[in-house]
């Protein structure tokens, strides 16, 4: 055995076994690389790239076995050292190199190029030489596992992996029993692959001839291989060039020279290899890895949908009525099992996101010097809103083997594949502000019963209408004078007597058919005094007309401000007519034939007609006066003989309000209001007098509907409260109680939203 040991020590560095071979790999093996923690082996650059264990790992990883578990033991026989390399005096004691290796060195010459070094030395003998190692034998059990299959088979991959570890740890105690059990698991699940390895002399086994047993190099944490660069056996003038050539071969794949400048190292590519700085293979592998990670991300969502927790959640959702996003969200938050499963999904996706980000950063870092621009988009996590929409789609767009996406705004499905067969019958909506109480058992899309205050009609709930004849007993909203707008305009032009409302003209500043100076504000009122004289009527205004006469060559242009009191009261309880705003009409000015008089007409029509008790008209003038006359007052007696002042005078010969009166039964309405007020004060149930409540709600709505226009976003004026105050003589507290009772009935019983109003009286 001694002569074999001596021969090994002197020839170790020139044998194929001791020189680490360059990484030549066939194309079929290139696609079998793995990344992540094995990046140092990527791109054919690892010293053990052709080792049997690494190739086996690559093959198993390609098949989906991502986890490797190995248990082994070694039997060291010899510690060997390369004593020839330890010599320091290489000139006087030259190394016993093989003639072929010496001939290769001589062929290099004094100034070899990088390509000569690669072709002559590196491709044949490698880049490193073995200094010391351990020879002996090794036996090992290697097990490759696919955790995804273990998860599907057992339901808990962590416990399964731990059980396999415990089983494999008994390999050296009961080899036959352990292997038999592992092979059974391998055949039944297909989730593991088991390999036994036994090389070299093992233990104290009896061998007929120990020299006939080939020892192997042991490679473990206890038995390390010590390597050194091959340049130590070259002459000094070749050592630096060899190191540069080796780096160019390893880092640039022999397609350029590896150069470091200003702490920045890179490949200077040859003309025939302009992309030598671009690791195409690495980039393709990482892009493939990112694509697989994106698939894993999508599969994580499918795993949640296929989980028992999610299926149980879907079964518990009510199916007898329509589920909105808000109601599904409430059920989602109340399911604790689903919440725990969803948290596991979020944690796994967070870990997956970090892996994707790390790989993407490496990908973009590798492609800095490439013409190839990687195109990668990080997967986006599905939000809670998207999960709730997904639940809706599973409920209502999963029929006849087709799938689709549900649109709640349209209450319909968008089926995938261009068909319309995926939509199931959409249940009716109940609860909340909806009128339906229960869906129909015969057809779930239609309503089966309605809430109080509604009636069922053809599968829909409609508000219970108040009897029009009974409503007319309180206020006669419908009269014979409800003409169309064109008819009203024609009648106003003809000054039809049917539209006259006989009002009382009151003014301390103006006399009809008398000239006056309008340069200061003038006030006049047209009132009915219905609280005293016409108690059984309320009045509607549909137009106003004034006849204004001016002096010849007058430059005055009157301007009116009109305030309306709907049911009497003080001036502060009136509202101003917004001429030309929010669609409100303007004054129309028509000159009378052969006269200096004009008819000023305001036509409200059916759209802007409203209640009135008193109309206040404020008159000012827009006039173009000389600067000397602007400071003169318009007060004092009218002097028609003065030509300089006469041109400013005007007179109003006629003022008329057009409209009609509605019969008003104050006593009957007061009794209905007092009934509601008493019920509210005693805390009674509102639905006990639902007919009265519906009647008053209808009257309030029809009265407030005639309120004047307001700016967008602002509430309408409350005319109903003004009527209660001035025509029924209710106190403020009684008015508040009545309105509150009506609001409660509207929201609690009828499930309708209240319309905000602004206080006027």
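Each Cβ is built from the backbone N, Cα and C atoms, and glycine gets one as well.
What Swiss-Prot records for 1-22 is signal peptide.
Sequence annotations record features per position, and here Swiss-Prot assigns domain 'MACPF' to 68-251.
Annotation comment: Swiss-Prot describes 156 (among others) as N-linked glycosylation site, evidence class sequence analysis.
Feature annotation from Swiss-Prot assigns N-linked glycosylation site to 433 (among others).
The Cβ of residue 443 (N-linked glycosylation site) has 13 neighbouring Cβ atoms from other residues within 10 Å, across all protein chains displayed. Taken from Swiss-Prot, the feature N-linked glycosylation site covers 443 (among others), and the record attributes it to sequence analysis.
Among the features that Swiss-Prot reports, N-linked glycosylation site is placed at 553 (among others). Counting every protein chain shown, the Cβ of residue 553 (N-linked glycosylation site) has 9 other Cβ atoms within 10 Å. Following the DSSP three-state reduction, the secondary structure of residue 553 (N-linked glycosylation site) is coil.
Shown in sequence order, 545, 546, 547, 589, 590, 591, 592 are the residues of the chain, 6+ apart in sequence, with a C-beta less than 8 angstroms from the C-beta of residue 599 (N-linked glycosylation site). The DSSP secondary structure for residue 599 (N-linked glycosylation site) is strand. According to Swiss-Prot, the feature N-linked glycosylation site maps to 599 (among others), an assignment based on sequence analysis.
Feature annotation from Swiss-Prot assigns N-linked glycosylation site to 631 (among others); the stated evidence is sequence analysis.
Annotation comment: Swiss-Prot describes 677 (among others) as N-linked glycosylation site, evidence class sequence analysis. Residues near residue 677 (N-linked glycosylation site) in space but far in sequence (CB under 8 A, at least 6 apart, same chain), listed by position: 734, 737, 738, 741.
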For residue 677 (N-linked glycosylation site), the three-state class that DSSP assigns: helix
C-alpha spacing of residue 443 (N-linked glycosylation site) relative to residue 553 (N-linked glycosylation site), in angstrom: 79
Confidence summary for the domain 'MACPF' (68-251), mean pLDDT rounded: 81
DSSP-derived class (H/G/I helix, E/B strand, else coil) of residue 443 (N-linked glycosylation site): coil
